[in-house]
Amino acid sequence: MIVALMGYMGSGKSTIGKELATVLNYKFLDLDSVISDAEKSSISDLFKKKGEIYFRKKEAFYLNEILKSENHVVLALGGGTPCYGNNLQLLLKQSKVSTFYLKLSLPLLSSRLFKEKNDRPLISHIDSEEALTEFIGKHLFERSQYYSQAKHIIDIDGKSQQDILEAILMYLI
Ligand SMILES: Nc1ncnc2c1ncn2[C@@H]1O[C@H](COP(=O)(O)OP(=O)(O)OP(=O)(O)O)[C@@H](O)[C@H]1O
Ligand SMILES: O=C(O)C1=C[C@@H](O)[C@@H](O)[C@H](O)C1
Ligand SMILES: [Mg+2]
């Protein structure tokens, strides 16, 4: 079984993913870190030096590799992973993959991301919280249709990490 976490930047995929892997005694993989390690570059530098399309191709390639070769893994996807190429179809068609959308509302995403936008290349240039809210709102409008196809949708507004973990585990155990 592979548990794949999807959701917008800052929704907590990496944070929750690590904890979930510990509880399940699974390996934890973060797709962004897999790409970063393989390319020997931070994601921000990769965007700067090689461009977003290069990153999207690598993202699709490493997702394929992981789905082909791994098992008993919690996989935190990148924020955009399900929205490009046939990544979503690939995730949904495999019975060994259980997909979860960590769904956080626009105001909470915006206030959370404004504090840590600097290492996120798509938003690092945005300099007011109002402009960030506008950007994320538009982005979510485009992306929600992909995220919402996850097998399980977990509404995480106001939930602690423990609450979210329990909500996911309910579907897995
Ligand atoms: N349930 C929660 N309540 C409050 N803060 C949280 C919760 N879960 C995660 N966070 C915090 O939100 C921030 C973003 O979390 P995280 O980096 O795990 O998101 P992500 O979905 O992996 O983002 P990205 O797609 O950019 O990699 C972190 O500072 C994390 O500590
Ligand atoms: O939402 C996105 O498109 C991204 C999210 C991050 O996880 C990284 O994958 C990268 O910064 C792009
Ligand atoms: Mg992450």
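The backbone N, Cα and C atoms fix where each Cβ goes, glycine too.
Those TrEMBL annotations? Automatic predictions, nothing curated.
What TrEMBL lists as ATP binding site is GLY10, SER11, GLY12, LYS13, SER14, THR15, ARG120. Sequence-distant neighbours of GLY12 (ATP binding site): residues of the same chain at least 6 apart with a C-beta under 8 Å from its C-beta are LEU102, LEU104, ILE156, GLN161, ILE164.
The Mg(2+) binding site annotation in TrEMBL covers SER14. Remark: SER14 (ATP binding site) has ASP30, ASP32, ALA76 as non-local neighbours, by Cβ distance under 8 Å and separation of at least 6 in sequence.
What TrEMBL records for ASP32, ARG56, GLY79, ARG143 is substrate binding site. Here the Cβ of ASP32 (substrate binding site) has 22 other Cβ atoms within 10 Å, regardless of which shown protein chain they belong to.
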Margin query: List every residue in the same chain as GLY79 (substrate binding site), at least 6 positions away in sequence, whose Cβ is under 8 Å from its Cβ.
Written below: GLY7, TYR8, MET9, GLY10, SER11, LYS13, LEU122
Item checked: Distance [Cα-Cα, Å, rounded] between ARG143 (substrate binding site) and THR15 (ATP binding site) -> 21
Next item on the list: Can you tell me how spread out the ATP site is, meaning the largest CA to CA distance among GLY10, SER11, GLY12, LYS13, SER14, THR15, ARG120, in Å?
Entry: 16
